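As recorded in Swiss-Prot, the features of this protein are as follows:
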TRANSMEM  3-23  transmembrane segment
TRANSMEM  44-64  transmembrane segment
TRANSMEM  82-102  transmembrane segment
TRANSMEM  109-129  transmembrane segment
TRANSMEM  188-208  transmembrane segment
TRANSMEM  218-238  transmembrane segment
TRANSMEM  249-269  transmembrane segment
């Protein structure tokens, strides 16, 4: 297989791994990177599933102890049952709205103005959420995911649906949404990552079914390179972020989003990127 193509696959894997779990929208960055690398044909649609799989493996590895303990305790312990129920309840809204409106959103909302607007608006919402907790730390009433109720989980799940709008960021919506709903920065981030597991698996399986005609055994090496680089970069990114939020806010990501929104418009107006799915 062409070495240049494998290098592009590695770069795309790193982009996915570094952006999937940060509040900056992996979709927007993958579109831009794919356009700049010339890696945005039909094959890229299936490739996205491979690199997303790498990110899923990474978050499972980071949280494996909690996941394993929950599965073992699920038949007998109420806390484990409550946690599993919360993740399931938060997952359902995205499934329902995705099946109902996913095609319409892809057809009508993947435009430069929408993508740029959501980047910028999301940036200002992050600034607001962080300033709100800074002024009044008491608004963070939930400091551990185990303390969440089903209603808390449902609200986070509803907020996650906003990530269907391109440029929003799934992790950004759930983390910042969780903070605005009363979760601490750490609790919101942890729950966002737990929720990512069924959400990304569900989206991947659905996409794999839709794009099954594009699958080819010849592309396996390409997909494996992307998966491995995505896995490693996502694992490093998650571990770094969990350390970072223990003493820092998400404000730098807010300014990054605002700046990136300007980049989206500039690349679209210049014709460098078409910003279509």
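Every residue, even glycine, has its Cβ placed from backbone N, Cα and C.
Outside the transmembrane segment (44-64), and at least 6 residues removed from its termini, the chain residues within Cβ reach (under 8 Å) are 9, 12-13, 16-17, 20-21, 30, 34, 193-194, 196-197, 200-201, 203-204, 207-208, 211, 214-215, 219, 222-224, 226-232, 234-235, 237-239, 242.
Put simply, of 82-102, 109-129, 188-208, 218-238, 249-269, the stretch with the most CB pairs closer than 8 A to the transmembrane segment (3-23) is 218-238. Packing against the transmembrane segment (188-208) from elsewhere in the chain are residues 20-21, 45-46, 48-49, 52-53, 55-56, 59-60, 62-63, 66-67, 86-88, 90-91, 94-95, 98, 145, 148, 153, 156-157, 160, 170-171, 174-179, 215, 238, 241-242, 245: each is 6 or more residues past its ends and has a CB under 8 Å from a CB in it. When Cβ-Cβ distances below 8 Å are used as the criterion, the transmembrane segment (249-269) is approached by residues 22-25, 28, 32, 35, 112-113, 115-120, 122-124, 126-127, 129-130, 134, 167, 169, 172, 175-176, 185, 275 of the same chain, each at least six residues removed from its ends.
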